[in-house]
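Chemist: I have a structure I would like to understand better, so I am pasting it below and will then ask my questions one at a time.
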Amino acid sequence: MTPQARVQAAIELLDAIIVAAREGGAAADTLIARYFKERRYAGSKDRRAVREYIYAAIRLCAETPATGRAAMLALTEQQPELASLFDASPHAPAPIRADEVRASPGMVPHWLMPHLSAPVQHSAEHAALLERAPLDLRVNTLKASPKQVRGHLADAEPIAGLPNALRLHDNTNVEQSAAYTDGLIEIQDAGSQHIARACAAMPGMAVVDLCAGAGGKTLALAADMAGQGRLIAADVNRDRLSRLPDRAARAGAGFIETLLLDAGKETATLAPFAGQADVVLIDAPCSGTGTWRRNPEARWRLTPDRLQRLVAEQSRILDISVPLVRPGGRLVYAVCALTHAEGAGQIDAFLARHPGWRADDTAIAAGRKYGEGRLLTPAHDGTDGFFIAALVRI
Ligand SMILES: C[S@@+](CC[C@H](N)C(=O)[O-])C[C@H]1O[C@@H](n2cnc3c(N)ncnc32)[C@H](O)[C@@H]1O
């Protein structure tokens, strides 16, 4: 591909990403992969260059741009050398007209600003939400110690407050390493590792991971339980949950039980666990406002209506978990979101609805206290953004 054709490809893909964001279609990564599957003439350097343009343009635009071209034109302001590639040569974008509309640069969508938790209402916090994330690993203590893993990954650094976490700063292809394929490590953001620690799961406990997905946190809980006790991974999404058994086998955590829930009828399926759980983790579906470093296009997908529906669903899932927890047991609620309503506001509302519960210390050595939980942010903690709260049934 010529340099001009790469820019034109980025424009076409951005158009598709904008439509998918508006209509709840496929993610940017999926659209990019499909595009190049149909264009085998594009080499790896072409694919990398187009991908870099696309993600630079997405990062630049807080509001959904009108077109892919408007987004790429905004990028020419940051990367002026790009402007000369709009030259009308074969496969090139049309020349830039003086009066052409460019997307305006920004970090947080305007409508979302007042919804952010108070500590995130600063521009330094906003900028960090879109910075490149490091690669964090969790050492799977069912199979190895951090010291053993550091023998395999010489560049890995420890992370304060997380004895089993390691951080890599380059693009090491960890998934190809023996440490990964042998199940000694998992790729997991430090913030997610803090969530698992807040559960204080121990060997012999009964633990329910109520929004387990493909089991990222479940595997961390399994390691804390040293493979002993009962660990239920429940979710309404069959595809995600079906990925867990293979991951569990690789991690040496075969004792995990999966439980597929029927959305709207969760309580019936969970009835056998009533009053049994020492710990319930709710890693709730959320706006993902804390994960823009990895997924900047999420800003284009979130709407006020979607945020409101997420808050209602989180509140419903919290209520579903109440009968499961034994007296004295722990409920940990977490979202990778930085809006007040999904975090501190959600927990205030829960405590108002359920007088038989109190907030507990999360025992997390990171973040800031916010409402009845802790807020972790990329600027303050170098993690993705999370709100995490621990509650105890009195
Ligand atoms: C943030 S993701 C969980 C990620 C997962 N814990 C991990 O560590 O990889 C939220 C999950 O909640 C699930 N979910 C949504 N509604 C649910 C419900 N009513 N009951 C249980 N799980 C639900 C989604 O399918 C999704 O997998």
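Cβ atoms here come from the backbone N, Cα and C positions, even for glycine.
TrEMBL: automatically predicted annotations, no manual curation.
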Chemist: Since TrEMBL lists D262, D283 for S-adenosyl-L-methionine, which candidate among D224, D235, D239, D319 does it give for that site as well?
Modeler: D235
Chemist: Relative to ligand 1, which of the binding-site residues D235, D262, D283 have a Cβ found under 6 Å from one of its atoms?
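Modeler: Checking each Cβ against ligand 1, the ones under 6 Å are D235, D283.
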Chemist: With S-adenosyl-L-methionine as the bound species and D235, D262, D283 as its recorded binding residues, calculate the greatest Cα-Cα distance and give it in Å as a whole number.
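Modeler: That value is 17 Å for the farthest Cα pair.
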Chemist: List the residues of the same chain that sit at least 6 positions away from D283 (S-adenosyl-L-methionine binding site) in sequence and have their Cβ under 8 Å from its Cβ, in sequence order, or write 'none'.
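Modeler: I195, D209, L210, C211, A212, G213, K217, A334, V335 - these are the non-local Cβ neighbours of D283 (S-adenosyl-L-methionine binding site), listed in sequence order.
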Chemist: Count the Cβ atoms, other than its own, that fall within 10 Å of the Cβ of D262 (S-adenosyl-L-methionine binding site), considering every protein chain shown.
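Modeler: That number is 9.
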Chemist: What is the interatomic distance between the Cα atoms of D262 (S-adenosyl-L-methionine binding site) and C336 (active site, nucleophile), given in whole Å?
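Modeler: Here the two Cα atoms are 24 Å apart.
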